[in-house]
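Sequence annotations record features per position, and here TrEMBL assigns domain 'Major facilitator superfamily (MFS) profile' to 11-437. Annotation comment: TrEMBL describes 12-29, 70-90, 97-119, 125-148, 160-181, 193-215, 246-266, 286-307, 314-336, 342-360, 372-392, 412-433 as transmembrane segment. TrEMBL lists 444-482 with the feature region 'Disordered'. If you look up TrEMBL, you'll see 454-476 marked as compositional bias 'Basic and acidic residues'.
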Amino acid sequence: MTQPAEKGYYRFVVLFFNCLLTFGSYFCFDIPSVLQDQFQGNLTCPNATVINGTTDCVLGLGMTPQQYNLLYAIYAWTNALVVILAGFLIDKLGNRFGVFLFSFLCVLGSSLFALGSHFKGTPYLLPLMLTGRLLFGSGNGSLTIVQNRITAFWFKGKELALAFGLTLAFSRLGSVLNFFLTQRFEEKYEMQWTLWGGAFLCVLGFLSAIVVSTLDKVGIKQLGLDGAIQEESRKVRIQDVKLLSLRYWLLVLTIMFFYNGIFPFIADASKFIQDKYSGYSQKEAAYIAGAVYDSSLVLSASAGILIDYVGLRGIFASACAVFTLPVFGLLAFSYVPPLVSTIWLGVTYSFAAASMWPSIPLVVPQATLGTAMGLATSLQMVGIGISNLVVGQILGTKSSETKIPLWRWQRMMIFMLANTICCIITSVLLNIADYRQGGILNKTRKRSEQAQTDSEREQLREAEEEPHREDDEGFRSHSVNS
């Protein structure tokens, strides 16, 4: 009798709950971006004037631009340090261990971040909120690794880019709803309850973790692969990092440089739009900045389907970097409506995410995928953390209410351009290295699926036969490397 896990629909049920894992955490991540004026607003407004029913003073937490950007930098730095160990632990201890631990850290971190907002005007505000972002960063980046590892197992050789695109779409749905709803919610319920609302969405992610871990466990057992997977996990060693190919490292650098231009820009985009372009309110600026995520939400699944159909992942990665160059040029040196640039950036981001991240399972063994994803996420976050610090220094002003001069914003966009140029260089080198090693990234769908399926079957066969070879023949077997 055919088991449910052997039927095609089962993996999509797993995918649905897997997608929900990071919905709430992605909503929480960019709440500071939407409420940037409130985070950098004044503690008091004794000399405020009212013009046409609105005041020229915004009440808030009193953070400086440097302190505000530090909220993003500490997230990135913590992510960079934790995800390496997290990836290795996931490979050793399994998906279920990771999904529970890291979804709980998201809940704890977002709750502590919300709690910190109650200490406005005290020395405890910044330490509490930074500690919350630290724990949140430890959980969210690592949770994404577990999510990707589960997706790669159930969809390797079967709509892999589509599955990755759907997980990204669900995550970005959280980001989009944040940009559309958070400002309105804050106006009605104030900042503290808004932050607690984000923490509640992380609780929903924890409940999804319970469901997806159960489905994953039952499905693997029904497929009869639990023993082979456990055997592969026991063989994972930290020294396996040395076996990762040049192709993998170039792919990681390509990801890092591309994302260096995305997230640091979005973090400050709302204020940039208000400072450079006249006539935009904070709410309108937040909507325009959120168009990056709107485009990603709409296009991620379609981009995944297209890339699954045509292959050419390496070429898509290079093309996305090339087409991103004009975006920062327009933002820096023209007055073209900013919505054009943010939608354009969202399109290139969608195709980049659908081509770059699903390429990692193609160039590393399944047994070390968690470690490989952890290293990739770590280097990505190192780059984003450095970028946030650099942007903070470029824009840095001592007064949180000062309008930042245009020349500072231009320098920031030039910095983003430099990262995009580096991304083009590494992506070209990636395509050259991939061509010399068989061209798996740029194969068409049918050839790519066959190569993946053969490799996966060979790895599991080796894992099942190894104990028998050791007993009967008395020699040490060599681990399978792709």
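From the backbone N, Cα and C atoms, a Cβ is placed for every residue, glycine too.
A TrEMBL annotation is a machine prediction, not a hand-curated record.
Stretch with the largest number of CB pairs closer than 8 A to the transmembrane segment (286-307), among 70-90, 342-360, 372-392: 342-360. Segment contact holds for the transmembrane segment (372-392) and the transmembrane segment (125-148), given three or more CB pairs below 8 angstroms at sequence separation of 6 or more. Counting Cβ pairs closer than 8 Å and at least 6 residues apart in sequence, the transmembrane segment (12-29) and the transmembrane segment (125-148) reach three or more and so form a contact. Counting C-beta pairs under 8 angstroms (sequence separation of 6 or more), the transmembrane segment (125-148) fails to reach the transmembrane segment (314-336), with fewer than 3 such pairs. Taking every recorded stretch in 70-90, 193-215, 314-336, 342-360 and counting its Cβ pairs under 8 Å to the transmembrane segment (412-433), the highest total belongs to 314-336. On the 0 to 100 pLDDT scale, the domain 'Major facilitator superfamily (MFS) profile' (11-437) averages 84 in this prediction.
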